[in-house]
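For reference, TrEMBL has these:
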BINDING   A:ARG75, A:GLY101, A:ASP124, A:PHE173  S-adenosyl-L-methionine binding site
BINDING   A:GLU174, A:GLU177, A:HIS178  Mg(2+) binding site
Amino acid sequence: MAMATPPLRPTSLRNLNLLLRTAPRFVQNQFRAQSTTSSKSSVNPTEVSHFNALASTWWDPQGSSRLLHLMNPLRHDFIRSCHAAQARPPPTSGLRYLDIGCGGGIFAESAARLSSTGLVTAIDPSPEVLAVAKMHARRDPRLSGKLTYLNTSIEGLSKPKSAEEQYDILSLFEVIEHITHPAEFLDVCKDFVKPGGWIVMSTIARTWMSWFTTKLVAEDIVGIVPRGTHDWEQYVNEQELRAYFLEGRGWNSPRVMGVIYVPGLGWKEVSGSENVGNYFFAIRKDE
Amino acid sequence: MKPLASSLRARQLSGYTCSSCTRQLRRQRRNYGTSSPRSPEVFDVVCVGGGPAGLSLLAALRANPITSFLKIALIESQSLTPLRSYAPSPTAYSNRCSSLTPNSVRFLKDIGAWEHVRAERVQGYGRMRIWDGVSGASIGFESESSGDGEEGVVAYMNENLNLTSALVKRVDGLGGVEVLDEQKVQDIKLGEDTEEGDFSSWPVVRTSEGKEVAARLLVGADGANSPVRTFSGIESRGWDYGRVGVVATLKMEGSGWGGEGAKIAYQRFLPTGPVACLPLPGDFSTLVWSTTPELANRLKGMSQGNFVSMVNAAFRLSPVDLSYLHDLKGGQADEVAWRVQHTPFEPEQVPMKVTSVQEGTIASFPLKLRHADTYIGERIALVGDAAHTTHPLAGQGLNQGQGDVESLARSITYSIEHGMDIGTRMSLESYNSERCTSYGAA
Ligand SMILES: Cc1cc2nc3c(=O)[nH]c(=O)nc-3n(C[C@H](O)[C@H](O)[C@H](O)COP(=O)(O)OP(=O)(O)OC[C@H]3O[C@@H](n4cnc5c(N)ncnc54)[C@H](O)[C@@H]3O)c2cc1C
């Protein structure tokens with residue numbers, strides 16, 4: 001990937017923090033609210049107002065979400081590598097995507113534009129964020145009819161009644177590390193995936209190196225991710241994910257791709273870096 | 001509408017632009033008739049300018065299966081019809097020739113255009129002799145083997161018309177481009193937020209025929225005075241060399257010292273600027289003489305015989321002799337004949353003698369160096385002379401444009417493969433960093 005990477009504006013650093021943190025928090029909060037119906041459900045009002053500030057910059061590629069914009073093509077490369085690994089290749093058209101925690105729609109829009117895509121359902125429990133996503137999608141008339149945004153959490157989504165209603169790809173980008181009970185959450189997701197379909201996610205490995213790079217290098221040295229962005233204790237470890245999926249729960253073919261943000265170069269796939277930085281992880285549902 | 005448009009209807013509905021939206025726009029147009037403002041027709045790529053750069057881009061996008069579904073329009077102020085019926089005389093050559101590098105030729109082959117170029121009118125050369133007219137020092141590269149083209153070819157001399165007509169044939173053959181030729185860009189403004197979508201970031205171009213097109217990506221391939229660049233507010237900086245290029249098609253004494261199979265290009269540096277004699281097939285050569293506007297006017301005002309003598313003198317006589325000859329009111333032919341006899345030079349180190357100049361081919365154009373600050377904007381990309389002009393003797397004007405086009409087409413392909421909106425800055429960044437910054441560094 002030969003992307004130019006001008007330095008981030010200092011004013012946008014706070015927004016990146018919010019972008020990386022806040023959307024998934026809503027997911028997390030809502031998830032908690034529905035699974036426990038406890039009083040913990042209240043959404044932090046300061047986070048909501050931060051979000052409104054974020055909305056305007058979500059689609060500014062020079063702004064706080066630049067790292068996500070730059071990473072987005074790699075998500076497609078990764079999904080393509082999953083499909084390429086199948087013994088029987090997937091259909092070349094009509095693929096169905098469910099994007100959970102879609103945020104401003106960076107991935108959802110791009111998935112909807114692919115010629116192999118039939119439809120994309122993109123959900124986010126935050127109405128503000130979804131408003132940004134919907135507003136932005138209007139800039140591309142081609143998306144209408146292919147991309148549907150729903151203001152809901154996955155629990156609020158009605159369960160598919162048949163394989164046709166299930167999805168070929170269920171995506172969870174930068175969501176999972178913010179969820180308190182990953183195993184529960186992934187169980188819910190499972191009903192939405194077609195036999196032979198994939199759950200594709202990206203997250204940050206929970207290792208000392210990851211802590212070192214995201215906390216120390218990224219936050220303090222590079223200054224890209226502001227201090228306090230991630231609660232690293234919550235990062236889901238790849239080994240944990242593998243163990244969870246493969247313990248006779250009807251999943252196979254785990255795949256992983258480590259990516260590292262190299263200032264000046266952009267996101268680079270670095271094999272072995274899944275223990276170090278951000279990584280993509282995918283698992284295929286048994287056919 | 002031009003012939004290319006015949007197969008367009010079906011394609012429009014299957015293109016990158018959403019079909020329900022296109023239908024709505026059409027319905028609306030029918031309802032309102034012609035008197036009320038019409039919604040612009042929506043395109044993925046609108047290319048302004050059908051010169052070498054613009055036409056190459058169309059051929060590249062149409063030839064590639066990943067980009068071939070894009071809905072594309074071309075706006076060109078001149079008619080493309082003469083290019084379609086291009087039937088040049090074998091004994092005459094256009095004065096507007098460019099040297100194509102092996103890399104440009106490779107790209108033109110890749111996009112399937114080169115096979116439409118009339119090969120018998122293209123002249124490859126493997127040697128270039130360059131020397132200083134003041135000191136006589138040779139600074140040339142006599143790179144018999146360093147050329148990376150076929151059989152050590154350094155570059156190919158070719159008439160621009162031969163190339164553009166080949167490109168039009170290729171684009172016609174591929175089909176699927178809405179050609180709006182003989183229409184000038186009248187104005188460009190941003191679209192509106194309508195029921196069909198928010199076009200407020202989309203440039204909408206209105207042509208002199210009143211046609212309005214909205215562009216997901218507006219490509220300025222519209223030459224040095226690019227209206228697209230002006231619309232984008234992109235600054236173009238540089239300077240006039242204070243020189244003009246005098247061009248002419250020359251008939252030589254023979255096909256060259258190395259014969260038909262080993263053509264040589266010549267360039268001599270004079271105090272007023274370089275003069276070049278570049279080989280065409282057979283006994284023909286093309287002249288590019290960069291000089292002051294005043295001397296250019298005097299050259300253009302001479303009889304053909306005197307002009308021919310001046311060209312011969314330019315490669316043989318001293319700068320002092322030349323300046324004397326320029327000042328003569330007439331009689332240069334005799335004067336040159338006499339002086340050449342008394343000037344020592346090695347005949348085979350200079351071009352063969354020019355015997356005549358082809359009628360109507362003596363012309364001049366101003367030399368300018370210009371470079372746009374950036375090649376991209378939101379839903380804007382500049383290619384070719386719209387982005388940069390250089391001294392033609394660098395032989396780079398057209399070749400750089402081909403390089404731009406190849407890079408832009410690659411960016412667009414990458415964007416499509418990754419679901420990006422091809423018009424956004426984010427999608428165009430790699431094009432800009434590949435071409436604009438590399439140019440700045442060069
Ligand atoms: C007389 C002359 C001699 C040259 N000799 C050499 C040479 O020897 N070697 C060399 O390398 N280079 C030479 N050049 C430069 C070379 O021709 C250019 O670099 C090359 O043509 C650039 O191609 P382009 O497609 O970018 O632009 P152009 O060829 O300039 O094409 C631009 C197109 O845009 C169209 N256009 C412009 N404005 C509008 C509008 N408002 N609406 C619609 N259409 C519009 C024009 O009609 C034109 O067809 C010469 C240039 C000139 C003028």
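Just so you know, glycine gets a Cβ as well, placed from its N, Cα and C.
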The one of A:ASP124, A:GLU174 whose CB sees the fewest other CB atoms within 10 Å, among these binding-site residues: A:GLU174
Between A:GLU174 (Mg(2+) binding site) and A:GLY101 (S-adenosyl-L-methionine binding site), the C-alpha gap once rounded to whole angstrom: 8
DSSP three-state assignment (helix, strand or coil) for A:PHE173 (S-adenosyl-L-methionine binding site): strand
